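See structure below.
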Amino acid sequence: WQFDTWKLREASRGHPLSTLGYYLIQRAGLVQRFKINPVTLARLLRHIEAGYPDNPYHNATHAADVLQTLHVIIHGARLHVHYLDQLGLLAAYFAAIIHDYGHPGVTNDFLIATSDPLAVRYNDRSPLENHHAAAAFSVLRRPELDVTAPLPQPDRTAFRKQVIDLVLATDMKQHFAVLAHFNTHAGKSHLLSNTYPQTSHPSNPNLGTLQIAIKAADLGHLGEELEVHKRWLSHLEEEFFRQGDRERELGLPMSPLFDRSKQGVGKSQVG
């Protein structure tokens with residue numbers, strides 16, 4: 001669990017996401033299982049990685065950290081045995097890889113308050129998360145980057161649906177709805193997984209479990225070594241302050257914890 005993605009970034013010479021993504025997908029046997037062209041996979045992962053802006057926090061290193069933590073959760077809880085078939089595992093990995101793709105470094109509330117084109121396009125409903133998923137699937141429309149091309153159409157449809165459902169669940173505004181869905185279906189899901197393990201297309205009794213897993217992974221640095229967590233926290237705080245600077249310039253109300261003149265990590269950590 002206590003994995004230092006910053007060290008991976010250094011070791012991979014700035015390519016932690018593509019390095020880890022390729023390793024995990026290859027190691028799980030997904031390349032062979034779905035007849036994915038290894039060159040296409042490598043090309044896609046580098047393209048996605050390059051599409052993460054150089055934000056202090058929401059960057060490709062964060063995506064790699066979420067991917068690694070999700071991998072630990074899935075295998076530590078044996079979700080890949082009781083909940084996921086290989087298509088579901090591929091979808092879960094891909095969702096983590098692209099979950100903040102093209103992130104502009106500001107919050108949904110900021111996009112909505114400024115009538116940003118993303119907020120207008122998605123009618124103020126999870127504009128960031130909708131953008132991450134839509135932009136990533138637009139990349140897959142390019143033949144030289146489409147790792148799903150060998151999949152039968154039913155598998156492509158199931159893959160797309162699960163990825164979208166997982167990415168949309170990372171919107172913190174959906175936290176209580178996702179949690180309520182999980183609590184409602186957790187017991188039923190347990191019974192179904194014992195009766196019908198590894199169904200052909202993991203769907204929706206088990207979706208809530210995977211959504212909780214990716215949400216936990218998205219905040220996974222909270223469980224890492226203290227110094228690693230503090231580094232992540234300082235990067236997140238800087239990204240917040242940059243948005244606060246823009247809010248001040250635009251005359252918008254300052255978001256809580258985004259005021260550079262009132263910084264204090266302790267306040268942001270109060271539960």
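Going from the start of the chain as shown, residues are counted 1 onward.
Placed from the backbone N, Cα and C atoms, the Cβ positions cover glycine too.
Positions annotated as active site, proton donor by TrEMBL: His58. Listed in sequence order, Tyr52, Asp100, His103, Gly105, Glu239 are the same-chain residues at least 6 apart in sequence whose CB falls under 8 Å from the CB of His58 (active site, proton donor).
The AMP binding site annotation in TrEMBL covers His58, Asn59, Ala60, Thr61, His62, Asp100, Asp218, Gln269. In three-state terms derived from DSSP, Asp100 (AMP binding site) belongs to neither a helical nor a strand segment and is classed as coil.
Here TrEMBL flags His62, His99, Asp100, Asp218 as Zn(2+) 1 binding site. Sequence-distant neighbours of His99 (Zn(2+) 1 binding site) (same chain, six or more apart, CB under 8 Å from its CB) are Ala63, Val66, Glu129, His132, Leu166, Val167, Thr170, Ile214, Asp218, listed in sequence order.
The feature Zn(2+) 2 binding site is assigned by TrEMBL to Asp100. When Cβ atoms from all protein chains are considered, those within 10 Å of Asp100 (AMP binding site) total 24, not counting its own.
Per TrEMBL, domain 'PDEase' is recorded for 1-271.
Feature annotation from TrEMBL assigns region 'Disordered' to 252-271.
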Shell list (Zn(2+) 1; ref centroid = CB of His62, His99, Asp100, Asp218; cutoff 8 A): His58, Ala63, Val66, Ala96, His103, Thr170
